[in-house]
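The feature transmembrane segment is assigned by TrEMBL to B:15-37, B:49-71, B:108-130, B:137-154, B:174-195, B:227-244, B:256-275, B:282-304, B:310-330. The annotation region 'Disordered' is assigned in TrEMBL to B:339-360.
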Amino acid sequence: MIDRRAFLAAAAAATAGTLAGCAKKSPAKSDGSGSAGKPITLGFSQVGSESGWRAANTQSVKDSAKAAGINLKFSDAQQKQENQISAIRSYIAQKVDVISFSPVVVTGWDTVLKEAKAAGIPVILTDRSVETSDPSLYVTLVGSDFESEGERAAHLLEKVLAGHTGTVKIAQLEGTTGAAPAIERAKGFAKIMKASHPDWKIIASQSGDFTRAGGKQVMAAFLQAHPDIEVLFAHNDDMAIGAIQSIQAAGKAPGKDIKIISCDGVHDGFVAMSKGQINAIVECNPLLGPQLMDTVKTVHAGKGSTLPRWIKTQESDYTADQAAAALPSRKY
Amino acid sequence: MNLASLWRAAAQHRLFWPVTALIALLALNVPFTPGFFEVHLKNGHLYGSLVSIVLFGSPLILVAIGMTLVIATGGIDLSVGAVVAISGALACLVVSKQADQDSVAGVLLAFALALAAALVCGAWNGLLVARLGIQPIIATLILMVAGRGIAQLITSGQIITVNSDSYSLIGGGYWLALPFALFVVAFVAALSAALTRRTALGLLIEAVGGNAEASRLVGIRARRIKVMAYVFCALCAGVAGLMISSNVSAADGNNAGLWIELDAILAVVIGGTSLSGGRFHLGGTVVGALIIQTLTTTIYTIGVPTQANLVFKAVVVIIVCLVQSPAFRAKAFRARAKRSGPVPRPPGTPADAAHMEVSS
């Protein structure tokens, strides 16, 4: 018994030693790289690692920080607000130059943001927005405009349907119920529909939870209940990929018998588009690292007030004829 | 007269209410989708709503069968969703690394590795519950949380896509014009029914669930039976994981099998197995899982607004559970019961009485 306890104590001491070693090493390294002038230290708190999109987002932030010579302190909140708040508090305690985070949820940030403001540390939001009582609590938001993505999807559908007249029966695969991208994309799409296409009709709309399995299952049921679906608008590529399998099982040709428009622009989405199964994709760009780093530098130089409140990510639209050319350059 | 007694006998059968609920749910679709019960031949395989329900419901049926046996021993397994994710992730990783993804040998290797991983997960749960005496809900919660992390490690947080016709057979393919998954489910269901009802194993499981200590004292290896139940449950979940990933030809460590443990427990309960252990009904579980899948499909086909999905589901589940409760039926149909003398003995009561002896 004593032997075992002694062993455990020794093991614990050894682990602690290694950790201390690591901790000592890393500041030394960053000091070395910053010899050309004191590098900016950025504390970044990520939502989590819930999807391929998010993984690409994380990678982009890390890579571009390195390229911009910014000392990045990164933490993963594992989709919990408490983790994110404590990460932000620790950044405040460490006196980083700029704090940036992708908020897990929309509300409940006032207290911690006030602490950051009191410490004189500017905050930049990425990807998602927050609701605060005091707009001066953050400098700007670098992220996508989901509503405009929905509008762009509708405009892409206009292109795809060029020459088509009469009613168009549309099925919609929504994202997770209550998620901002799902709500906003549906809103943007409906706005254009209402404004300029009274003959377009959404005859079925259900949540596929942003997953392939969800998209496949919901589409299978849609095709049973509405065999006359002409267009599918999927809120992300993964659901569209799942739906394609169901359309094929129903003996129809995806992209021809049923036109498909989707959002995101992940690699597999482009593969499907290059096969002609998806007609058009609205890109939702996770590679916002370079834009974020530029913003960080501007804010650190004290020119934050010149920035707009919302810096929209640079995004493009793709149709099937561009797919093959764009495919090799897709990073996520 | 004869018909009435036949009806009464049918109403006494323990599958009567679950099957009635299933039929009622299926019938609910007809006004919205007139051709709901139609099944056509398309591209050489059967196609229709009923086929979809069986195809998409197969993984849940499998997981629920495994869950039934665990619950029968007085336990519960919350980690099945994580095992689904691990098995799918591992299999897809192995297949995606093959030079020829269609090669049958490579796919079989992937199956073997995935099921081996599931076996380890089950043995781990069994070890915690049976050997270390940790509460099943806590013991399996560990793997429920950690397992999804393991699955994400395997996939490096990405969705792994495979392009293999051999791999897509088990969960998305067809054999003899029927979904291949149907054969897998039929095989597992028949195997577990035969093992538990044609041998003494079922009785031993119920004895352990009724009172583990008493069963040990009469010479049953209670711990071993429990470990076996968890291993079997994890294996079922492993096969379900293969099916789910094969169905969409991709492994999604984050979302595959998410919350399937709750659906499986619900299926088991709807099927008439008591959560306190000591008795189980495999047939009821299969019907329960079909009810849940039909409910999901119904929501999609009749067009319940997305925001109301969960409420609709909850209402249907409450109705199904109420209708199955003998106490509720006794109250609701009191007038009828009074006329025909004493309250009819609810189905399952004799079995209860028998097990009371074991557990008291």
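We number each residue from 1, going along the chain as drawn.
Any Cβ shown, glycine's included, is placed from N, Cα and C.
Relative to the transmembrane segment (B:15-37), the listed stretch B:282-304 leads the set B:174-195, B:256-275, B:282-304, B:310-330 in CB pairs under 8 A. Sequence-remote contacts of a segment are chain residues at least 6 beyond its ends whose Cβ falls under 8 Å from one of its Cβ atoms, and for the transmembrane segment (B:137-154) they are 76-79, 81-83, 85-86, 88-90, 93, 121, 124-125, 128-129, 251, 253-254, 256, 261. Pairs of Cβ atoms less than 8 Å apart link the transmembrane segment (B:108-130) most often to B:227-244, out of B:49-71, B:174-195, B:227-244, B:256-275, B:310-330. A contact links the transmembrane segment (B:49-71) to the transmembrane segment (B:282-304), because at least 3 Cβ pairs that are 6 or more residues apart lie under 8 A. Outside the transmembrane segment (B:227-244), and at least 6 residues removed from its termini, the chain residues within Cβ reach (under 8 Å) are 58-60, 62-63, 65-67, 69-70, 72-73, 75, 77, 79-81, 83-88, 91, 111, 114-115, 117-119, 121-123, 125-127, 129-131, 170-171, 181, 184, 188, 192, 205, 256-257, 260.
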